[in-house]
């Protein structure tokens with residue numbers, strides 16, 4: 001970044017943080033700064049501020065630049081901006097979005113506003129947007145681009161190139177072109193490079209290759225994760241009759257995976273994923289994203305309190321046992337979370353499936369046993385040295401059993417969640433920590449009562 005660009009960004013940042021209206025005398029200077037700043041820096045600047053300030057920046061941008069910036073924002077930020085922009089601006093921005101991006105924005109809006117935006121489109125644009133909108137949320141059909149050229153296998157290379165030229169302005173990609181029969185059933189794919197370098201009188205069917213495709217109702221995340229390693233630029237999307245309905249680009253697949261990973265990461269930490277950049281997220285949205293999980297975990301933590309209450313006499317007879325409670329519950333929770341995170345990731349990548357339940361159980365049981373043996377041996381030595389042999393035996397055995405139990409439970413929870421159609425990340429860290437805390441304390445006190453004769 002040049003010194004001039006950095007200086008411009010500092011000025012714009014200070015202005016946006018000032019939270020005041022534009023002084024008419026300053027408007028020309030701000031317009032010039034925004035126009036001269038690289039587009040990626042303007043996008044980052046707008047993302048960092050709330051909708052009111054972001055709308056001011058958009059109004060100062062040249063028309064085409066403001067459209068580019070709006071298009072680059074995530075759908076949640078776009079939805080917030082709609083409340084701050086005038087109808088003319090909103091309709092223009094909405095019209096310039098790709099059909100799949102329009103649908104993502106519509107999903108964030110109340111039905112009345114969404115309907116008004118749809119009606120603002122001309123009939124052709126409304127129809128192609130309706131194609132994407134017709135597929136269920138979470139399906140790959142909801143994330144595809146429905147605008148694909150009609151390339152038939154009977155065409156010559158010259159005819160196919162002419163068709164691409166006619167429709168190129170409306171296409172998301174021209175580098176991978178689906179080939180169909182006249183009834184739109186997919187029969188192959190051909191790259192633009194192949195078309196461009198082939199003789200004009202050659203037939204497309206002689207040059208095309210077998211297609212790799214997905215069905216429009218397939219799960220978006222699973223399809224994206226399966227597609228990305230294939231190293232294709234785009235992939236056709238078909239209906240149940242293998243009729244071509246759209247195309248998925250590698251960039252869109254990467255966006256899907258990034259969104260899902262962000263969501264899983266947030267949920268594994270006991271919060272909901274933010275739908276827009278942190279600095280531009282309203283305070284109440286930050287609170288709402290966290291409070292539900294905190295309430296759930298606070299209530300579930302009462303189980304741990306109940307366990308402690310049940311073994312009150314044991315604690316009273318050997319007060320030293322209370323000193324090790326944080327160590328044991330922390331170790332159990334961390335062990336379970338490690339296993340859950342590993343298996344959740346493996347499920348997302350397709351390395352583990354629901355039918356691998358017994359294999360994962362046996363694998364995590366052994367991992368937990370080894371971890372428990374190592375930590376238990378260390379705990380035994382240290383506790384014996386400080387508090388005596390009996391306490392050392394209690395701590396060593398407890399660590400062994402807690403690690404074994406926690407690793408096994410942590411590894412199986414995501415698979416159980418997947419089997420019942422729930423999000424594995426939801427069953428991850430928060431619930432596992434609570435479960436392992438309560439169960440670990442029961443194991444601890446039962447061993448203590450047995451070894452110490454309480």
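From the backbone N, Cα and C atoms, a Cβ is placed for every residue, glycine too.
It should be emphasised that the depicted structure is a prediction, and the values quoted were computed from it without experimental measurement.
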Residues flagged as transmembrane segment in TrEMBL, choosing from 346-366, 367-387:
367-387
Tell me, what is the mean pLDDT of the domain 'CBS' (144-207)?
90
Can you name the far-off residues of the same chain, 6+ from the ends of the transmembrane segment (367-387), with a Cβ under 8 Å from a Cβ of it?
320, 324, 327, 331, 335, 339, 393-408, 411
Positions whose Cβ lies under 8 angstroms from the transmembrane segment (314-331), at least six residues beyond its ends
304, 308, 375, 379, 383, 387, 391, 394-395, 398-399, 402-403, 406, 436-437, 440-441, 444-445, 448-449, 452, 454
